[in-house]
Amino acid sequence: MTLLKDLLADPGLPRLEARMLAEHVLGRSRAWLLAHDTDPVEPAHEAAWRQLAARRLAGEPMAYLLGGREFMGHWYALTPDVLIPRPDTELLVETALHWLQGRAAPRVLDLGTGSGAIAVSVALGCPQAEVTATDLSAAALAVAEGNAQRLGARVRCLAGDWYEALPAQDRYDLIVSNPPYIAREDAHLAQGDLRFEPRGALTDENDGLAALARIAGGAPGRLLPGGAIWMEHGWDQAEAARALLRQAGLREVHSRRDLAGIERISGGYL
């Protein structure tokens, strides 16, 4: 049988990825792998590892192969039905949590929740909040509901297209969203991890601003007086996003930069 150290030395994969796949297949920690690197690997485990390795070599994201990824300090289960949460999106959550500080029972809406990473992170960071998450995809909502339950977050999940998922009378203190903002002709859709992620979570099949326009335009009708909205967008879309928010009648519209200095989110107040 193949020894563990020989499996991890497979030249096809970076060693870190090889180890992560082994941890996943064997259900063991890194420390265990180091202590048992001369152990033989059961044929079934080796076959499972090699199958995952082949998928990785074909470009499939590690997050899908491992069944999840960490975001804001918590592990989120993921399937190919949902977008993989990026560190960039943590700015949206951090901004939301900062704005919610000191509010007794704020009502928060996450539009297009996907895996639920944003909604669940807000609910965990602000336990007194009433968080609602929407998504057009039933499969995505199932992932979000599973993550909320596993992490003990209080999140109401509703199926539907943006604001159409909501009861007519619902109003919110805060709206957040990381919508599809890649233009349909963008070459990046055929590159890297994006090839494997749900297209509907990446592109609006338009110019990249259609979903942002719907969210901004519908915000005044769904925000409580003094409420806020924050939207994530592309690196070159901040000016356009601000224009959409101003056109909707929101005030004090501005953008915030991520750690790389990119204007990553834009928002305003009712």
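Numbers run from 1 along the shown chain.
Cβ from N, Cα, C; glycine included.
Fair warning: this is a prediction, and the values are worked out from it, not measured in the lab.
For G112, T113, G114, S115, G116, D135, W162, N178, the entry in Swiss-Prot reads S-adenosyl-L-methionine binding site, with the evidence type sequence analysis. As annotated by Swiss-Prot, substrate binding site applies to N178, P179, P180, Y181.
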Three-state secondary structure, which DSSP defines for W162 (S-adenosyl-L-methionine binding site): helix
Maximum Cα-Cα separation in Å among residues G112, T113, G114, S115, G116, D135, W162, N178, which the record lists as binding S-adenosyl-L-methionine: 16
Spatially closest candidate among G112, T113, D135, W162, the listed binding-site residues, to Y181 (substrate binding site) (Cα to Cα): G112
Site with most surrounding Cβ atoms, counting all protein chains shown within 10 Å, from the binding-site residues W162, Y181: Y181
Separation of alpha carbons, D135 (S-adenosyl-L-methionine binding site) and P180 (substrate binding site) (Å): 12
Under 8 Å by Cβ from S115 (S-adenosyl-L-methionine binding site), same chain, sequence gap 6 or more: Y76, A77, L78, V82, L83, I84, P85, A140, V143, A144, N147
